[in-house]
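Structure first, then comments.
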């Protein structure tokens, strides 16, 4: 039986983590804990930056964007995922599935752009401190933030439209914990090559260009740091850059692993692939408030002052 365009199917069935169904109930506890920490950390970060006028600077505006994006990414997936694990709520309607797919992929693309702007911000602050305030003005900060958002939405909107225009037939079971693009496309009838080609090209171009530019920024920063006369300053800068690079790798590597595995990773166990895909949308949002926030002295002092009032 085939479904004409997006009018059918009316819903899909999300399996969760194939092969680990018996452990779903227990897996949900660490997932729920990480989700709670991600929401608490990012909301705290947003409130602290909003309340303290001394933090109304480009660096903290970008950090606020990152926190808001992480809240959208985790909240678009985790409540449904926990519903699958704890309450066997496997069904998701077609419109909800498409919306989830759009939020996941578009905001992941936006986050990549924000990480790039944050690397640029750190490069200016460390390598061009005398020109920082003249280059990264308020309007420029807004334009960079808007550019990241517009780019993400512009790239993913055609992908979403292509999915809704497909015809679906046969089983409506998505072997995943959420509506990932290729997991849905695999259920479609007819020629799905345009979807595959567009998806893989968009991911490769975005991740490739952003990660290369981020790497160049941090290489220039590290070169500048090596030239510092103070050993203490060098160690502090190395520690900060190292933690930032670690979080960036945690964002890009599992995402690429998941993306390419959907297409060519037939030999990789399904449960490993799905688990990595789930953690990709959970671990970076949980760590970002601590790595970018609590390791930043003004934010750490402000949070501690609120706690001890």
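Cβ atoms here come from the backbone N, Cα and C positions, even for glycine.
According to TrEMBL, the protein carries these features:
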type	residues	note
TRANSMEM	25-48	transmembrane segment
DOMAIN	41-292	domain 'G-protein coupled receptors family 1 profile'
TRANSMEM	60-82	transmembrane segment
TRANSMEM	102-124	transmembrane segment
TRANSMEM	144-168	transmembrane segment
TRANSMEM	197-221	transmembrane segment
TRANSMEM	241-260	transmembrane segment
TRANSMEM	272-292	transmembrane segment
Check your understanding: Short question: which residues 6 or more past the ends of the transmembrane segment (102-124) have a Cβ under 8 Å from it?
Key -> 58-59, 62-63, 65-66, 69-70, 72-73, 76-77, 131-132, 135-136, 144-145, 147-149, 151-153, 155-157, 159-160, 178-181, 202, 206-207, 210, 213-214, 217-218, 220-221, 244, 248, 251-252, 255, 281, 292
Review point. Any chance the transmembrane segment (25-48) and the transmembrane segment (272-292) have 3 or more Cβ pairs under 8 A, given the pairs are 6 or more apart in sequence?
Key: yes
Practice item. Pop the mean pLDDT for the domain 'G-protein coupled receptors family 1 profile' (41-292) in here, whole number is fine. Key: 87
Revision key, fill the gap. Across 144-168, 241-260, 272-292, the most C-beta pairs under 8 Å with the transmembrane segment (60-82) come from 272-292
**Study point:** Long-range neighbours of the transmembrane segment (241-260), counting only residues six or more past its ends (CB under 8 A)
**Key:** 108, 111-112, 115, 119, 122, 180, 182, 199-200, 203, 207, 211, 214, 218, 221-222, 225, 273, 276-277, 279-280, 283-284, 287-288, 291-292, 295
